[in-house]
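J.: Next up is a structure, given as structure tokens.
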Amino acid sequence: MKRRIHFSFVLVYSLVSYFCLCSAFYLPGLAPVSFCEDGKGGDDCQTVIQLFVNRLDSVESVLPYEYDVFDFCKDDKEKRPSENLGQVLFGERIESSPYKEDNSIKWASRWDYILVSMPHTNIQWFSIMNSLVIVLFLSGMVAMIMLRTLHKDIARYNQVDQEDAQEESGWKQVHGDVFRPPRKGMLLSVFLGQGTQIFIMTFITLFLACLGFLSPANRGALMTCAVVLWVLLGTPAGYVSARLYKTFGGEKWKTNVLLTALLCPGIVFADFFLMNLILWVEGSSAAIPFGTLVAILALWFGISVPLTFIGAYFGFKKAAIEQPVRTNQIPRQIPEQSFFTKPIPGIVMGGILPFGCIFIQLFFILNSIWSHQMYYMFGFLFLVFIILLITCSEATILLCYFHLCAEDYHWWWRSFLTSGFTAVYLFIYAVHYFFSKLQIIGAASTILYFGYTMIMVLIFFLFTGTIGFFACFWFVNKIYSVVKVD
């Protein structure tokens with residue numbers, strides 16, 4: 001008995017000793033800095049608190065200015081810390097201040113005065129519950145279709161003879177046309193490649209923000225992370241675009257890869273460059289220095305474009321995606337559609353529910369961008385992001401099924417535009433926010449607001465459209481792969 005007790009003690013002691021030798025580490029952006037009075041702290045305790053100041057903002061303008069542009073409260077020994085890419089793009093101009101801090105406050109409570117001024121988290125929970133209700137409603141509809149209606153259709157179609165099936169109507173009757181390549185397949189494949197790039201970038205950025213790597217205390221970290229990720233994700237963009245373009249039967253692979261690498265980023269850069277000219281003319285601190293613009297172009301053409309070519313190379317090397325049914329040579333005539341199964345009404349209706357999931361979070365995001373409020377609720381934002389994915393997928397699948405039942409097989413572009421139309425509602429809400437919440441005056445500020453809003457709308461359009469397309473692509477392949485077709 002004594003030997004057993006001694007052995008157990010040694011085992012426990014060894015385990016405790018092993019874990020005691022392990023060293024801990026802090027996540028980037030979360031490591032606290034300890035301050036203390038002279039002679040009362042250790043070697044890792046600092047005694048001087050350096051205060052910094054940021055740009056000057058106004059509720060009547062979106063043009064920020066440097067803190068000492070009006071020549072007051074200027075530090076005689078001014079020195080600027082190095083700024084990251086995100087700070088430069090957002091116009092953050094950090095400078096040393098003449099103020100001396102002799103109170104910085106425990107680390108655990110240093111953000112309390114900011115968090116107290118933020119909207120209450122009950123609103124965030126209301127947003128989540130509102131979104132979940134929409135998701136449950138759509139999930140019930142999809143489950144009813146998949147488990148009851150669709151299951152019965154498949155069973156009935158597989159049991160009847162081919163002659164009897166010809167007399168029936170429904171989604172099976174368009175099996176010979178449902179995978180017919182879409183018109184302007186080049187443009188659709190380019191949009192889907194860029195949308196894939198944006199989706200992966202957004203997911204990784206929000207995930208890192210939830211883990212605390214992109215703390216609000218580290219200004220500009222979120223934007224820097226997003227830009228770097230976008231640059232490094234050129235490979236999946238080129239791969240997806242090339243693979244789908246090959247599936248559509250396209251042969252102009254050089255044009256495809258060039259458009260994937262240059263079209264949408266070129267539109268964003270042109271808009272951004274025009275906005276930067278306005279900022280430069282107005283003397284705003286948000287104006288991007290010429291050297292930074294050159295650096296952005298270098299990242300784009302030096303890293304992103306080559307990676308896009310690499311992805312496109314592997315995409316074209318792969319075989320085209322095999323479809324579960326053959327496509328007829330002669331297109332089937334589409335019967336006359338009712339009002340609700342026509343393309344435009346379906347697309348307009350398809351964006352309502354996804355927008356209903358995000359409009360509350362959108363209010364806080366716009367407040368953070370234009371009303372200079374701190375945004376820190378990345379956990380809520382990540383949940384809404386996941387809910388948005390589910391809602392876009394389910395809403396697009398539902399409408400796709402209804403259109404196929406009406407024997408309208410033009411689903412490629414419609415699946416992309418149905419969920420992508422959520423971006424139009426985002427633009428409408430941004431217009432409402434501008435006139436109802438902001439007090440902006442002046443033509444320059446108005447142009448800047450809508451110029452940057454258009455960049456957000458384009459990115460969101462590609463993001464949501466890509467989600468809807470791939471959800472429908474999976475759905476259509478799934479249902480036509482389980483029916484018997486002679």
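Cβ atoms are placed via backbone N, Cα and C, with glycine included.
Straight out of TrEMBL:
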TRANSMEM  7-27  transmembrane segment
TRANSMEM  125-147  transmembrane segment
TRANSMEM  190-214  transmembrane segment
TRANSMEM  220-245  transmembrane segment
TRANSMEM  257-281  transmembrane segment
TRANSMEM  293-316  transmembrane segment
TRANSMEM  347-370  transmembrane segment
TRANSMEM  376-404  transmembrane segment
TRANSMEM  416-435  transmembrane segment
TRANSMEM  447-476  transmembrane segment
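Help me understand the surroundings of these features in the structure.
T.: Panel annotation: around the transmembrane segment (190-214), residues 27-30, 221-222, 225-226, 229-230, 233-234, 236-242, 244, 256, 259-260, 263-265, 378-379, 381-382, 385, 416, 459, 462-463, 465-467, 469-470 of the same chain, lying at least six beyond its termini, place a Cβ under 8 Å from a Cβ of the stretch.
Counting same-chain residues at least six beyond the ends of the transmembrane segment (220-245), those with a Cβ under 8 angstroms from any Cβ of the stretch are 29, 83-90, 92, 185-186, 188-190, 192-194, 196-198, 200-202, 204-205, 208-209, 213-214, 253, 256-257, 260-261, 296, 299-300, 303-316, 318, 320-321.
Packing against the transmembrane segment (257-281) from elsewhere in the chain are residues 63, 91, 186-187, 189-191, 193-194, 234, 237-238, 241-242, 287-288, 293, 296-297, 300, 304-305, 308-309, 312, 444, 447-448, 451-452, 454-455, 458-459, 462: each is 6 or more residues past its ends and has a CB under 8 Å from a CB in it.
With a threshold of 8 Å between CB atoms, the same-chain residues lying at least 6 positions outside the transmembrane segment (293-316) that come near it are 85, 227, 230-243, 246, 253, 256-257, 260-262, 265, 269, 273, 276.
For the transmembrane segment (347-370), the list of distant contacts is 62, 119, 123-124, 126-127, 130-131, 134-135, 138, 340, 377, 380-381, 384, 387-388, 391-392, 395-396, 399, 414, 417-426, 429-430, 433, 437-438, 449, 464, 468: same-chain residues at least six beyond its ends, Cβ to Cβ under 8 Å.
Proximity of distant same-chain residues to the transmembrane segment (416-435), defined by a Cβ-Cβ separation under 8 Å and at least 6 residues beyond the stretch ends, is recorded for 188, 191-192, 346-348, 350-352, 354-355, 358-359, 362-363, 366, 370, 392-393, 395-396, 399-400, 446, 449-450, 453-454, 456-458, 460-462, 464-469, 471.
Counting residues 6+ beyond its ends, the transmembrane segment (447-476) has Cβ neighbours under 8 Å at 62-63, 178-179, 191-192, 194-196, 198-199, 202, 264, 267-268, 271-272, 274-275, 278-279, 350-351, 354, 370, 388-389, 392-397, 400-401, 404, 411-412, 415-420, 422-424, 426-427, 430, 434, 438, 440 in the same chain.
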